[in-house]
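To keep things clear, I will list the structure first and then write my remarks on it.
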Amino acid sequence: MNESFDKDFSNHTPMMQQYLKLKAQHPEILLFYRMGDFYELFYDDAKRASQLLDISLTKRGASAGEPIPMAGIPHHAVENYLAKLVNQGESVAICEQIGDPATSKGPVERKVVRIVTPGTISDEALLQERQDNLLAAIWQDGKGYGYATLDISSGRFRLSEPADRETMAAELQRTNPAELLYAEDFAEMALIEGRRGLRRRPLWEFEIDTARQQLNLQFGTRDLVGFGVENASRGLCAAGCLLQYVKDTQRTSLPHIRSITMERQQDSIIMDAATRRNLEITQNLAGGVENTLAAVLDCTVTPMGSRMLKRWLHMPVRNTDILRERQQTIGALQDTVSELQPVLRQVGDLERILARLALRTARPRDLARMRHAFQQLPELHAQLETVDSAPVQALRKKMGDFAEPRDLLERAIIDAPPVLVRDGGVIAPGYHEELDEWRALADGATDYLDRLEIRERERTGLDTLKVGYNAVHGYYIQISRGQSHLAPINYVRRQTLKNAERYIIPELKEYEDKVLTSKGKALALEKQLYDELFDLLLPHLADLQQSANALAELDVLVNLAERAWTLNYTCPTFTDKPGIRITEGRHPVVEQVLNEPFIANPLNLSPQRRMLIITGPNMGGKSTYMRQTALIALLAYIGSYVPAQNVEIGPIDRIFTRVGAADDLASGRSTFMVEMTETANILHNATENSLVLMDEIGRGTSTYDGLSLAWACAENLANKIKALTLFATHYFELTQLPEKMEGVANVHLDALEHGDTIAFMHSVQDGAASKSYGLAVAALAGVPKEVIKRARQKLRELESISPNAAATQVDGTQMSLLAAPEETSPAVEALENLDPDSLTPRQALEWIYRLKSLV
């Protein structure tokens with residue numbers, strides 16, 4: 001049965017009618033329907049869940065004459081199953097029993113209390129602690145895109161307005177949302193196809209007036225001018241849809257979402273999707289996290305610090321005042337790293353705990369962790385007090401001390417609370433007098449039972465008599481089978497065992513009712529007091545969020561100070577002059593994974609030396625040299641120290657890489673097509689302040705086509721765009737470029753060849769390489785010896801036919817394309833314009849004489 005089409009529920013049982021009505025409100029997502037200690041799924045949901053979760057598919061009786069497919073999960077294990085579903089991009093509506101079964105006529109009242117979606121989760125068990133979990137919305141009109149992201153676990157709300165498809169693709173790559181909302185008429189489906197968590201939304205949710213109204217209502221403002229987003233209509237359309245979706249799914253107020261920020265391209269270094277992928281910033285080319293820049297740089301001690309560092313890495317800032325401030329802070333903190341990090345580690349993930357507090361889903365252990373974080377603040381304040389740095393003191397001030405909330409939680413919550421409030425024992429003794437009284441009554445049962453047992457033994461003279469309790473039958477008096485015939489007349493039999501009889505007496509029954517009532521009252525009061533704690537803590541929310549942000553930033557900066565010291569990094573110098581000058585530069589990741597010492601190399605790019613043509617053997621280190629330059633620039637522009645002896649760096653607006661390629665089979669694009677698409681993006685968007693890495697342009701096509709393209713690209717970058725360019729190539733003909741244009745220089749990575757073996761020197765030298773060592777590298781890779789031998793024969797043949805094929809000279813026919821374009825011969829022009837079919841024999845003879853004179 002497909003319940004989405006069956007709107008007539010009258011043939012079904014009352015319980016299934018209730019289920020189907022709730023399911024009709026959430027047709028696209030799974031419905032977890034609470035029945036006692038289980039969440040049940042029925043019909044199509046049950047079939048899907050059994051496949052997604054690998055749980056048994058059973059049947060539950062029949063309704064409307066058909067057996068009902070059913071699958072269920074225990075309520076106490078729901079978080080594990082939700083995590084599995086969310087990781088697969090599924091959303092789930094959680095339906096709880098809100099009525100009392102004892103007083104309900106017919107099915108117990110139920111309602112959907114929350115909707116769990118990949119982009120709106122805040123539960124600790126469902127989130128990866130060191131990664132942001134973003135919900136995003138995308139909007140498109142004739143002028144460009146609107147894009148909004150929200151991290152519900154921190155309240156961070158951002159919007160941007162990418163102007164074109166490439167910029168939009170780069171934003172999707174950078175933010176990597178867990179869930180993406182798009183309009184039902186979204187035109188560029190190819191841009192988002194294959195992404196996880198896609199959600200199609202109706203057009204009206206993106207309506208601009210509704211968006212402004214929703215946002216003003218959320219922030220308690222009359223307009224959005226104060227946020228700097230008033231005129232960002234495309235971005236606001238996306239933000240409005242996103243906020244509406246969050247309200248629909250969370251079904252509670254969102255006090256931690258207090259502002260929205262515009263992300264402008266001119267504020268950060270722009271990197272397209274290919275560049276982020278090629279530089280392996282937070283994800284390697286295989287999709288893992290090993291051997292990435294973040295893996296080397298991230299030794300933060302709090303999850304919120306780790307997430308902030310990754311945001312910095314993906315959005316390097318161009319404001320050198322901010323960068324110099326970060327550098328100064330890192331320098332000032334280097335002497336206190338060993339004292340600060342152990343204390344910061346105890347702060348934990350305050351940012352996400354605060355989000356759960358705002359959503360009123362924080363659990364007792366969240367509040368205990370929050371208390372523990374507050375308890376670290378005095379020591380952090382004391383340690384930072386002596387640091388002579390204005391930025392550090394500003395962070396110290398933002399951290400606050402929160403003595404009042406700390407005192408409240410120390411009084412209210414026991415040291416090691418249980419997981420859930422409903423388990424009881426969360427509120428500390430002494431916090432509330434009435435609660436203590438109910439607990440005393442419930443807990444005083446042991447003393448009473450001991451006294452009752454002694455009294456009844458003496459009264460009856462039965463030495464086997466004892467008083468006990470179990471969860472099924474409650475309190476009882478037990479007498480052995482041998483003495484049971486002596487039980488007094490007022491003993492009412494409650495249970496018969498193999499060797500004993502159990503009884504109840506009116507006094508014990510009355511006490512049992514009182515104890516059970518007191519336990520229930522204690523639990524109800526405890527729940528009420530717990531909810532009141534939220535009301536007492538929430539007025540501090542804005543200051544607490546500021547504190548969490550300051551603590552995360554402190555963690556990042558202390559981490560960068562530790563990394564700089566441990567990895568021997570240096571503080572780069574920013575200059576207004578264009579260019580990059582690096583002394584003894586190293587690749588931050590490669591140097592960590594190598595078993596032998598890394599060979600450091602210099603680099604000098606300036607307006608007078610804008611392009612380096614890099615030649616040398618495969619495996620010689622060309623790609624490493626290029627990538628290390630980009631990574632050093634990237635690290636400098638997050639304010640970090642860098643792996644080099646000395647670095648001076650000028651303004652950079654974009655980093656481009658055209659490094660390596662693979663077929664994009666899903667889009668039907670070959671390696672060469674991918675390569676040319678990325679190259680076109682660079683040639684259209686690079687400026688004189690861009691850093692461009694071009695590796696092996698033109699290798700995916702024929703030699704002459706590839707060489708022609710590589711030459712023309714290099715010429716365009718050096719002469720027209722004037723970008724700072726590293727251009728690696730195996731076309732030795734390109735080493736003649738420095739002779740033909742200004743601002744271009746040759747460098748090479750050397751190797752030594754001895755017989756069939758080759759030693760890579762990995763050091764960068766001025767000038768062009770003498771040869772490519774391709775056969776030696778092939779031998780090293782294990783190509784069979786007979787193939788290498790045949791290749792050497794063929795190479796000698798080719799070199800004898802065209803001595804220039806493997807040399808750096810550019811004479812002869814192969815390099816004619818590099819000479820100035822020749823003027824067309826008059827004789828050729830005349831022949832091209834000639835129509836031989838229209839000539840008489842006499843005219844043909846005259847033409848021969850005329851052509852002879854033109855040659």
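Just so you know, glycine gets a Cβ as well, placed from its N, Cα and C.
The ATP binding site annotation in Swiss-Prot covers Gly616, Pro617, Asn618, Met619, Gly620, Gly621, Lys622, Ser623 and is backed by sequence analysis. Cβ neighbour count for Asn618 (ATP binding site): 19 (other Cβ atoms within 10 Å of its Cβ, all protein chains included).
Taking the centre of the Cβ atoms of Gly616, Pro617, Asn618, Met619, Gly620, Gly621, Lys622, Ser623 as the ATP site, the nearby residues of that chain (Cβ within 8 Å, site residues left out) are Thr624, Leu749, Phe760. Secondary structure at Gly620 (ATP binding site), taken from DSSP and collapsed to helix, strand or coil, is coil. Using a 10 Å Cβ-Cβ cutoff, Lys622 (ATP binding site) registers 25 neighbours. Pro617 (ATP binding site) has a Cβ environment of 24 other Cβ atoms inside 10 Å. The Cβ neighbour count for Gly621 (ATP binding site), using a 10 Å radius over every protein chain in view, is 25. The Cβ neighbour count for Gly620 (ATP binding site), using a 10 Å radius and every protein chain shown, is 26. For the binding-site residues Gly616, Met619, Ser623, the largest tally of other C-beta atoms within 10 A is found at Gly616.
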